[in-house]
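As given in TrEMBL:
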- G87, Q88, T89, G90, S91, G92, K93, T94: ATP binding site (BINDING)
- 416-428: compositional bias 'Basic and acidic residues' (COMPBIAS)
- 1-332: domain 'Kinesin motor' (DOMAIN)
- 410-440: region 'Disordered' (REGION)
Amino acid sequence: MEPALVRIRPLSEKEIRSRFKNIIRIDHPNHISILNLTHNGDERPKTFAFDAVLGEASSQEDVYECFGRPVVEKVLEGYNGTIFAYGQTGSGKTYTMEGVQENKDEWGIVPNAIHHIFLAIDQATDRDVSISFSVRVSYVEVYNDNIHDLLSEDHTASLSIREDPLHGVFVKRLTGFVVASSSDLYNVTTLGNRNRATGSTKMNEKSSRSHAVLMVTIQQNVSGKLMTRVGSLHLVDLAGSERQSKTGTSGVRLKEASKINQSLSTLGKVIAALVDAKSTHVPYRESKLTLLLKNSLGGNSVTTMVANVAPSDYNYDETLCTLRYADRAKHIKNHVQVRVYSCIACNFYSHKCSPVVRDMTRHLDLYDHILSQWIPEDKLLLIEKNMTWDEWTDEWTISHSSLCGNNVQRQQEPSRSLKQDQRGHSDIYRSYSLESSQRKSATIEEKLKLPLIDKKPSTSTSLEE
Ligand SMILES: Nc1ncnc2c1ncn2[C@@H]1O[C@H](COP(=O)(O)OP(=O)(O)OP(=O)(O)O)[C@@H](O)[C@H]1O
Ligand SMILES: [Mg+2]
């Protein structure tokens, strides 16, 4: 994994009243020690090294600068990026990811990232009018090992998760909003948060009972250039591991807790398999959570894990467990590549697909993306069969006209197989666009009740994971 970082929350008032002791020390900007007081404090503290450790006094801004900004910068450059918050219940994961939305000083990583993305877009488009961006958002939760679309009217319906060689892992029929401003994106995420499952336990009055994954895809086009950069940001607020003896849960809450612990245990197994050089199998499929995060764990993504810890002696076992978990996760190696989709074939090369051209595209980091993400497998075969670029790109241009923008010149009736492909794609997800005229007059909820607004072409960017 890219950086593994630790954030320590302050002792809560309740913990101070109960006279719990703080057993965490930051010995160095990136070393953390934990003391076991059950042996009269005689045991030597256990020390771990991470890329950064932020203590109790750290502000939400410090957290964003350290954990959030570097990942978002990468996404704006066309990489995939993931930040996920891990830790026991009540350790501050949701505070780190969401924070308090009404107070800018307490904004978590999500609102700060939204602000950052649109500021960067405004600056880039002010500098260069030929650049345009499209930002798409989807939001899902994994609740009791079921995937729910937090932006759907029917957010309790269970969606299926699929994996195929063409699209990778994707959630079928997932809602995607195309948003034009930070306030749109902010409103969409607020709606999703409202739909997310939370409940009260002894350890946390507002405990997340599901894992939430916010997906923001940023597509950058430059007019006159037949290329588009696509970066996806995944912001993951995991539900916390918990012990029934401490949370005092029963009934529904207990069932939730057992599913939460089960999926976190699978996440632990996936991490262990990824860092074990001898391992031949990574059990992504053992839980929906790990399958959903497959690309973020060991795949093509700059991934940062934020380990949240609560510092009181009462939480010694859980904190030690979190630090060990993060210590293992930091050894995961991801294979990160910038994602530039291209119509290179459309105009640059109009001769036969020679091995030289294939090498060039591979060199440009494009070949694999084109083959694995955008071209139906039968086209791959045609390339291998030495189909001409013209023949290939005529079809490809039509099927990806949304990416090529005004540069699409060859307009001809799509072949039967392409029409079929497009039907297949539109079945995979639903897409909405927030239009500025309606933005003023309708709330997001009202818009969600409206039928489809400005349905986007089905071959746009939400298929990548
Ligand atoms: N750094 C912090 N500074 C101040 N308060 C914090 C901090 N971190 C967490 N808190 C407070 O601690 C409580 C628990 O935090 P939070 O809900 O974020 O925990 P969590 O890890 O998401 O728990 P769960 O797994 O149960 O969802 C909240 O009241 C939150 O406001
Ligand atoms: Mg939470």
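Positions of Cβ are set from backbone N, Cα and C atoms, glycine also.
Where TrEMBL records a feature, it is marked here on the structure.
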| residue | record | contacts (Cβ under 8 Å, 6+ apart) |
| --- | --- | --- |
| G87 | ATP binding site | K93, L238, G240, S241, A307, N308, V309, A310, T322 |
| Q88 | ATP binding site | G240, S241, E242, V309, A310, N315, E318, T319, C321, T322 |
| T89 | ATP binding site | T201, M203, N204, S207, A239, G240, S241, E242, T247 |
| G90 | ATP binding site | M203, N204, S207, G240, A310 |
| S91 | ATP binding site | R9, G240, N308, V309, A310, N315, E318, T319, T322 |
| G92 | ATP binding site | R7, R9, N308, A310 |
| T94 | ATP binding site | A85, G108, K206, S208, D237 |
Residues among the binding-site residues Q88, G90, S91, K93, T94 that border ligand 2 - Cβ under 6 angstroms, in sequence order: K93, T94
When pLDDT is averaged across the domain 'Kinesin motor' (1-332), the result is 90
Reduce the DSSP letter at T94 (ATP binding site) to three states and note it down. helix
Any of the binding-site residues Q88, T89, G90 with a C-beta atom under 6 A from ligand 1? Give them in order, or none. T89, G90
From the centroid of the CB atoms of G87, Q88, T89, G90, S91, G92, K93, T94, the recorded ATP site, which same-chain residues not already listed sit within 8 A by their CB, in sequence order? R9, A85, N204, G240, N308, A310
Counting across all protein chains present, how many other Cβ atoms fall within 10 Å of the Cβ of K93 (ATP binding site)? 27
